[in-house]
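The structure appears right after this line, and notes come after that.
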Amino acid sequence: MPPRWHRLSEIATCRRILFAMLTSGFIVNTFVKAIFNIAIVAMVAKDQPNTFDWTEGQKQEILGIFFWGFAITKFPSGRLAEIIGSRKVTGYSMAVASVLTVLTPLIASFNYYALLVSRIVMGFVIGASWPALMPLVSNWIGPTEHSMFMTALASTSIGFGLSSLVGGVLIANYGWPSIFYTAGSVALLWTILWFYFIYDSPRQHPRISLEEREDIESKIKKDFGKIKLKFNDIPWRKIFVSGPVWGIAIAQMASFFTTMTITTELPSYLDQVLHYDISENGVMASLPTWGVYVTSLGSAYIADRLLQTNTLSTTTVRKTFGTTAFLIPSIFMVILAFYGDVATIVLVSFCISLAINAFAVAGHCANMLDISPNFSGTICGLVNTVAAITVYFSTRIVGLLIRNGHTYENWRPLFWILAAVYGFGAVSYFVLCSGKVQSWDLREPEREPLKKDNRGESP
């Protein structure tokens with residue numbers, strides 16, 4: 001290998017490429033998921049071409065029904081990834097999502113109920129990505145680096161920001177269908193790169209160096225034999241009665257409900273209560289999301305350093321970051337319950353709330369890998385299934401609140417609800433959190449004998 005290529009391979013290691021693909025994947029995934037939040041403002045606007053005469057109830061149904069499909073695949077995708085691999089589950093899901101996104105303008109023009117079906121299917125495939133990636137991360141990343149690598153998840157904030165910012169620009173200049181064509185094309189390109197670069201474990205990767213593979217395997221100390229996962233391999237009863245699992249589940253429900261409510265409804269709030277036009281709406285709706293990635297990186301770095309230097313226990317680190325992620329946003333939601341009709345206060349409050357909530361990356365998100373490396377995909381799937389269902393009800397709640405008009409007084413109860421959910425998440429996670437590997441995770445499932453890899457080596 002020429003020295004130039006050798007240096008390049010040292011820089012572009014397989015783990016760094018994996019991190020780049022996970023980060024960009026969450027951006028693209030969220031971009032595709034969230035574009036409807038800004039597009040629907042233009043799709044019903046009287047001053048826009050090719051619009052629809054949907055009622056407020058129909059609008060909320062279009063936004064909310066996505067989350068039924070989103071919830072359905074959370075559990076099976078985590079289990080499926082443990083069986084056939086994260087590479088296939090995530091890759092095929094994004095391929096279907098890219099095609100559906102490009103076809104959305106055609107489907108919407110055809111029939112309202114066809115659009116609802118496509119939204120369920122879109123939720124179905126988009127929802128598969130996050131739980132499916134947990135087994136992949138557990139195969140490539142050591143325990144003291146979980147928080148930093150989980151910052152890839154926080155890049156969803158960039159996806160939300162781009163969906164509002166780019167969506168507003170594209171819609172204002174080229175019409176609302178343009179955002180679906182753009183997002184679908186980008187998702188398809190990402191899918192092609194995913195299948196080329198990503199493999200489920202270091203041992204399966206055909207282009208990884210022997211040095212990097214051995215380094216990863218020495219840190220993880222995990223048997224990379226093919227796991228023959230059976231239904232009975234999963235300690236279901238112990239998982240369902242586990243306090244730490246419930247702590248993560250409640251925290252994830254609180255995080256999903258609040259974050260998705262804010263990002264889903266903010267464009268409509270800016271349009272109908274604060275009266276921003278479509279291009280301003282896109283810029284303003286994107287503002288709260290930009291600080292999220294910065295704070296997630298910072299909190300993850302600090303959390304990992306605290307663990308690597310043994311300054312604090314894993315439990316203390318997770319409790320500190322996880323509880324803070326909910327307490328401070330709760331305070332700002334109370335402020336909005338009194339001053340939510342002032343544009344500056346609205347934007348500042350949402351910016352700080354979403355940024356601080358990103359501490360959850362170093363809290364309950366990484367905590368799934370702490371307590372159960374073997375069954376992280378299953379637990380993530382179960383937790384996210386329940387959490388995603390709550391988001392559907394958030395859109396129903398908003399529909400009920402504003403059924404008599406888009407006034408601040410009608411929106412005010414939503415801020416109290418968000419404050420209560422944030423507070424409940426903080427208290428529950430603080431009480432139930434643990435950073436220790438649970439005893440039921442130590443049961444090893446049956447494994448098949450390892451075959452020689454592509455270099456003719458056996459473990």
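Start at 1 and count along the chain as shown; that gives each residue its number.
Keep in mind that glycine also has a Cβ here, set from the backbone N, Cα and C atoms.
Residues of the same chain lying 6 or more positions beyond the ends of the transmembrane segment (17-42) and with a Cβ under 8 Å from any Cβ of it are 48, 51, 59, 62-63, 66, 90, 94, 97-98, 101, 119, 122, 126, 129, 133, 136-137, 140, 149, 151-160, 162-164, 166-168, 171, 175-176, 179-180, 183-184, 186-187, 190, 193-194, 197-198, 263-268, 271, 278, 281-282, 285. The feature transmembrane segment is assigned by TrEMBL to 17-42 (among others).
Among the features that TrEMBL reports, domain 'Major facilitator superfamily (MFS) profile' is placed at 18-437.
As annotated by TrEMBL, transmembrane segment applies to 62-80 (among others).
Sequence annotations record features per position, and here TrEMBL assigns transmembrane segment to 92-114 (among others).
Listed by sequence, the residues of this chain that lie at least six past the ends of the transmembrane segment (120-137) yet keep a Cβ under 8 A from its Cβ atoms are 18, 22, 25-26, 29, 32-33, 65-75, 77-78, 80-82, 85-87, 89-90, 93-94, 96-97, 100-101, 146, 149-150, 153, 198, 200, 368-369, 376-377, 380-381, 384, 388. Taken from TrEMBL, the feature transmembrane segment covers 120-137 (among others).
Per TrEMBL, transmembrane segment is recorded for 149-172 (among others).
Positions annotated as transmembrane segment by TrEMBL: 178-199 (among others).
As annotated by TrEMBL, transmembrane segment applies to 239-262 (among others).
Taking Cβ pairs closer than 8 Å, the transmembrane segment (282-301) reaches residues 37-38, 147-148, 150-151, 153-155, 157-158, 160-169, 171-172, 262-263, 266-267, 270, 276, 321, 347, 350-359, 361-362, 366 in its own chain, all 6 or more past its ends. The annotation transmembrane segment is assigned in TrEMBL to 282-301 (among others).
Per TrEMBL, transmembrane segment is recorded for 321-339 (among others).
Per TrEMBL, the feature transmembrane segment maps to 345-363 (among others). Within the same chain, residues 147, 150-151, 153-154, 157, 251, 255, 258-259, 262, 266, 269, 274, 284, 287-289, 291-296, 299-300, 302-304, 317-326, 328-329, 332-333, 335-336, 339, 429 sit at least 6 positions outside the transmembrane segment (345-363) and bring their C-beta atoms closer than 8 Å to a C-beta of that stretch.
According to TrEMBL, the transmembrane segment annotation covers 375-394 (among others). Only residues 6 or more beyond the boundaries of the transmembrane segment (375-394), in the same chain, are considered here, and those with a CB under 8 A from a CB of the stretch are 64-65, 67-68, 70-72, 74-79, 81-82, 86, 127, 130-132, 134-135, 137-138, 234-235, 239, 245, 248-249, 252-253, 255-257, 260-261, 264-265, 368-369, 441.
Within its own chain, the transmembrane segment (414-433) has Cβ neighbours under 8 Å at 243-244, 246-248, 250-251, 253-255, 257-258, 261-262, 265, 315, 318-319, 322-323, 325-327, 329-331, 333-334, 336-337, 340, 363-364, 367, 397-398, 401, counting only residues six or more beyond its boundaries. Taken from TrEMBL, the feature transmembrane segment covers 414-433 (among others).
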Checklist entry - Across the domain 'Major facilitator superfamily (MFS) profile' (18-437), what is the average pLDDT of the model, as a whole number? => result 86
Checklist outcome for this item: Answer key: the stretch among 149-172, 178-199, 239-262 with most Cβ pairs under 8 A to the transmembrane segment (92-114) is 178-199
Checklist entry - Restricting to the same chain and to residues at least six past its boundaries, which positions have a Cβ under 8 Å from a Cβ of the transmembrane segment (178-199)? => result 17-18, 21, 24-25, 28-29, 31-32, 35, 38-39, 87, 90-91, 94-95, 97-105, 136, 163, 166-167, 170-171, 205-206
Checklist entry - When you scan the chain for residues with a C-beta under 8 Å from the transmembrane segment (149-172), skipping those not six or more beyond its ends, what do you find? => result 19, 22-31, 33-35, 37-39, 42, 48, 130, 137, 141, 178-179, 182-183, 263, 267, 278-283, 285-287, 289-293, 296-297, 300, 354, 358, 361-362, 365-366, 369
